[in-house]
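Colleague: Submitted below is the structure of interest, expressed as structure tokens.
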Amino acid sequence: MKPRRVVGLSRGYEEMDGANVPRPPGNTGVGATATASSTGSTGAEPNGDRNGAAGGTMLTAAGAGAPEFELASVSVVPDDTYTVTQAVNALGFGWFQVKLSLCVGLCWMADSMEMTILSVLGPALHCDWGITRYQQALVTTVVFLGMMLSSTFWGHLSDRYGRKPALTLCGVLLFLYGLLSSVAPSFGWLLLLRGLVGFAIGCVPQSVTLYAEFLPTKQRAKCVVLLDCFWALGACFEVALALAVTPNLGWRWLLGLSAAPLFIFAIITPWLPESARYHVTSGQSDKALNTLEQIAKDNRRPMLLGRLVVEGPSGSRGSFKALLGSSLRRTTLLLWFIWMSCAFCYYGLVLMSTELFGGKNKTIVDGGAEEAAMIDCQPLATTDYMDLLWTTLAEFPGIFATIYVIERFGRKKTMALQFLFYAGCVLMITVTEVRVFLTIILFMARGVIAGLFQAAYVYTPEVYPTALRSVGVGGCSALARLGAMATPYIAQVLFQSSIWSAVSVYGIFAACASVACMLLPYETRGADLAH
């Protein structure tokens, strides 16, 4: 009986021509469920009973002791083995990924709220405590300092103990420090607590790593980019919350209420699944198999036959030095600069938006620095919050445009074009002072840079192997925080003395980052997660 190739399956997957084949003695279970998986296939659910045989019908001869037969029209994997990548692709996208999307999305939303509040907190503290411009910038910088110092720590923790325990600890700490920030008795205490908030936020990128490792190849880019919807939702919710709370109750209530999503995320983290890839590479194949069986059950797909194997060599797992090895050095250095520029440009635009809108209400007076700070205080008006809300809403069209472009033109070209478009938008800020046109310019720039940030989140987990994926994303996140630490001194301090100088800095960084994107050695569109 000659094997024939099944159309649509990758090489190595074969189907035997149908025949009645005796079943092994003692095997009285339900007919075998078979499926085929490949790195480019999402699998297909057989028709009929999901618990019955796939592609064949069990025939039992009459009479006791008669041998049992079944049609052998099954797909087999060479050596009866399969990897996590093959299993995830075969089991496809379903209810399991939908639940995971909601959990990770909530984490993303909470992170967005903690970041967006920085653009509102500075002006509020300026009015309440009379802090200077440099102190406002310091409130933002200390958060990103904590994030930068902790990113590598969370990466190592995730690679050693798993993504799930790290995210659970992250949720608890974020809620605790966020709530304590609302009762800070002095500026020094507030700086310390916001720094600890930043330390906890450093773990959030690991949620993207966990999410990407459960996504089939065909849906991975779209789903990771769609996470930005939760980020945009959190940013919009924070601006609306600030509009409702700050004028009447003050910034302390705003900080306290903003910690609510963190409390919800901390509660649901015990139900997060652990990464099957982490379990396999750490020698816990039985746990990985249980997770894959849960995916099959939730997605109503048949489980693969065969033995689960490691996808590649697991040596030097989680080694930060490996990121700068000969094969990854160029990629790592370019990604570090791209991520740093991404954060520098994104958070710079967020802070500049508040300065552009809020600055219209302020009148500078002569006198000492502290006296000028107190008299200069004018809280953000309702129109200012509304304009901030409009520019924040730009992230939604930016996300959907990125979904289309990133699959059509690839990751590298998409990021390069977005950086150039952003540079053009920020330079246009100096052309007009008309509020409507200014809002439109900021709207376009915010949409582009939001999509760009998420495109970087798509590319980075794809280009690093499983053993280095968490520490790779963590390292990029650390360099991104370095850019975010510097941006308040451009967007809040330099911007007050020279708008042209400030926007020129952002334009130059964006142009250089565009070149760096094109110099990346690998394009990962349509590729499986690296092994």
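Cβ coordinates are placed from backbone N, Cα and C, and glycine is handled just like the others.
From TrEMBL, here are the annotated features:
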REGION    1-55  region 'Disordered'
COMPBIAS  30-44  compositional bias 'Low complexity'
DOMAIN    100-525  domain 'Major facilitator superfamily (MFS) profile'
TRANSMEM  134-154  transmembrane segment
TRANSMEM  166-185  transmembrane segment
TRANSMEM  224-245  transmembrane segment
TRANSMEM  251-272  transmembrane segment
TRANSMEM  333-352  transmembrane segment
TRANSMEM  388-406  transmembrane segment
TRANSMEM  415-431  transmembrane segment
TRANSMEM  503-522  transmembrane segment
Colleague: Top stretch among 134-154, 166-185, 224-245, 415-431, 503-522 for CB pairs under 8 A with the transmembrane segment (388-406)?
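Modeller: That would be 224-245.
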Colleague: Below 8 angstroms Cβ to Cβ, which residues of this chain, lying six or more residues outside the transmembrane segment (503-522), approach it?
Modeller: 330-331, 334-335, 337-338, 341-342, 344-345, 348-349, 352, 412-413, 415-417, 419-420, 422-423, 426-427, 429-430, 459, 463, 490, 494
Colleague: Any idea what the model's mean pLDDT is for the domain 'Major facilitator superfamily (MFS) profile' (100-525)?
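Modeller: Looking only at the domain 'Major facilitator superfamily (MFS) profile' (100-525), pLDDT averages out to 83.
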